[in-house]
């Protein structure tokens, strides 16, 4: 059976921690989509690990890991990340990681183009990570991309990369990029990569009767290309559909769909954010929550918990259980607000649907309920009954507001053991 972990808001919810926890019993951990624009931080045995393209299951010594067909892989980052894990003691990580030959290659060329495209947008920029993810997925959709498996065929690889470069030069003129230099780098990568590249389908068939398969979502539902706050989204399918598509999962084998929700809301980059607090509350959340992007280092925008957004996320992703993270960050608030409805400019009231038009979202009014804070330390608590009464009421209010989907896990700190299991 398969357990899928998905982000329910705009990313940075803390998916890595619950994935790390669940991977202790997993046989296989897979990334289905996205690239090295994602960022997860895991604290285990007082060691902090940062993950971008690699699955978090590598921290578990018995877990095999797969970067699936729906991903885009920046090869230098892949090896850099593996090296960083080895330096921190995960010396066998390189023996437990594989890449689908159908995944696409994200080149330095894509990063250069990403910057040029953002610059052209000016004030309407998306606020990408600048890692080249969008241009890489664009090349994939236009059927001119380079797949990981094609790296092994030197002639095909070099021809396709030169064609990509030529196409972008025709569009942008001279680029701050040397295609021959990149080709030479891949001469070294070619042999190094060979042990990692596999045909995904027969690889996964070996696990078809295994009940301990874990899928680690990247980014989050509101960044999904189809269901997110378009155009302020990433370029892949970040929801349930993307997990199934990117890994050829049998839907009847899915046992758990875990939605990870932060106890407040954050967003990196541009785009609408109805509950954003551009005041002392937002600043307090940012500072107390240490809200800086793992990938970019940018400050995250912060705001109150949004039930409307999460109800919409639930309707798209069909969560069977929830993981509420970073509850301890709210410890010092006198009052805590929760968004329960939106009021559109025409007077329409929304409780569980999310407007498709980013311009409409920017203009809506938010209806809040105000709940009392608990003003006591919850960091490191591991028993639900030990939470202050108002903290329990906050958890149960969110649970009730999300159709009673159980909040099975509650994060009370950064470490693996800082977790309440209900």
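Cβ from N, Cα, C; glycine included.
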Residue in 27, 234, 320 which Swiss-Prot records at the IMP site where 12, 13, 14, 15, 37, 38, 39, 40, 129, 143, 219, 298 also bind: 234
Where residue 17 (GTP binding site) sits in the secondary structure, as DSSP reduces it to three classes: helix
Nearest of the binding-site residues (17, 129, 297, 300, 327) to residue 40 (active site, proton donor), judged by Cα-Cα distance: 17
From binding-site residues 11, 39, 41, 219, the one whose Cα lies nearest residue 297 (substrate binding site): 39
Surrounding CB atoms that lie within 10 Å of the CB of residue 17 (GTP binding site), all protein chains: 28
Sparsest-packed among the binding-site residues, when each Cβ's other Cβ atoms within 10 Å are tallied, from 11, 14, 39, 297: 297
Chain-internal residues near residue 412 (GTP binding site), provided their CB is under 8 angstroms and they sit 6+ positions away: 327, 328, 378, 379, 380, 381, 382, 418, 419, 420
Largest separation between Cα atoms (Å) of residues that the record links to IMP, namely 12, 13, 14, 15, 37, 38, 39, 40, 129, 143, 219, 234, 298: 34
